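The structure appears below as structure tokens.
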Amino acid sequence: MNLLKGTFVACLCAATLIGCDSKKKDVTVSSVNETAEIVHTDRIADLSVEKVKTTLAYLTVADSFPRNISQGQKDWNLVGVTDWCSGFWPGVLWYAYELSDDPEIKAGAEKFTAPLKEIAYSPADNHDIGFMVYCSYGNGYRLTGNEEYKTVMLAAADTLATLYNPKVGTILSWPVMVPKIGYNTIIDNMMNLELLFWAAKNGGDKSLYDLADSHAEKSMQYLVRPDYSIYHVALFDEKTGKFKKGITHQGYADDSMWARGQGWGIYGFAMSYRETGKEAYLDTSIKLADHFLERLPEDGIPYWDFDDPKIPDAPKDASAASLIACGMLELADQVKDKDLKEKYTNAAKSLMEKLESDTYFSGDTNEALLLHSTGHLPNNSEIDVPIIYADYYFMEALLRLEKLEQNIAQN
Ligand code: GLY
């Protein structure tokens, strides 16, 4: 299925993948750690692709997308195209195709990407257009070069840009929440800047770059706290642009550290550095990552919120872990210092090692790849269940690790 398997599995064992675990004891001590890690991730990548293919076979309606699996159930609960999570399933399929080169999976990815077109051409009602379109069309365009995908992405970027308020200098994240909480910008929104940066470089209006950069600047200024934890939501006066306060929506408390929010920040600022070269973004991502690592519990997977007083009996969030594994790998790509590269790569590998364990990797339990994510605990929804974006970032991290190992093998 991939280069790594050819290189390592062939020399370790000609038998089944499971047989590799016993064989690896035969290799020399100096190569054990590296080899064991690679074989493990490679086996999980195989299993993940297989599982995604099985799910694809029973999902027949292209405009219904997996979102979560209820406690005790095996099958995905499906949502429609306008749900903020609709882009993750086509994204999972594109990643599975990238890992496997399987034409059936590619056909599935195309099938589930197509319905998201309407998001690009409908009035913007939230910032999630980036998640929806970049994870689906973005990966599709990256892997196929299909010009129609590019057209949809450029339209989606323009649609997302309509939510930009020049007075505040950010994108309004949740228009629907304005009557209740006022003008709001959330940390999750950092991820959607990637669509704007991409569009500015690929035929879209150059102002999309400035708009994304301004959003990142303001997020850095107001959503990042002095201790390098993050507010979920920043509220602004939309007429004067003045920052009012930081609050939470999905976290435990306004001043608590919501795990996934920390992840959106780590990844979002590393990506913004990649796109702008602004050292302040890189420095912010580093400090957010370090703060996360300092507070990570001993078992290596974050609780849904680091300040929930119920810890250690609070639920975990595997989605934060897989997202942060990707953020750490993006950060490792961006830092120049060799020790820092190693530090964030190892942090990502450690998160992935835990996620690949029987505790988190679902195996035969249900259709998802990962168990134990927490979506919106204060709303009493999606608590300790599989959620599609956990799988999406898990697949992304598997791919990133595979590419990293291929580079090492080639150099
Ligand atoms: N973007 C919403 C979430 O992280 O749950």
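Note that Cβ sites are derived from N, Cα and C of the backbone, with glycine treated the same way.
Note that the structure is a prediction, hence the values are computed from the model and not measured.
What TrEMBL lists as active site, nucleophile is Asp128. Taken from TrEMBL, the feature active site, proton donor covers Asp188. Positions annotated as substrate binding site by TrEMBL: Asp128, Asp188, Gly246, Thr248, Arg260, Trp264.
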Distance-selected recorded positions near ligand 1 (C-beta under 6 Å), from Asp128, Asp188, Gly246, Thr248: Asp188
Conformational class of Gly246 (substrate binding site) under the three-state DSSP mapping: strand
Cα-nearest neighbour of the residue listed as 'active site, proton donor' within the listed binding-site residues, Gly246, Thr248, Arg260, Trp264: Trp264
Diameter of the substrate binding set by C-alpha atoms, the set being Asp128, Asp188, Gly246, Thr248, Arg260, Trp264, in angstrom: 20
Residue pair Asp128 (active site, nucleophile), Trp264 (substrate binding site) - Cα distance, angstrom, rounded: 13
Thr248 (substrate binding site) CB neighbourhood, other CB atoms within 10 A: 19
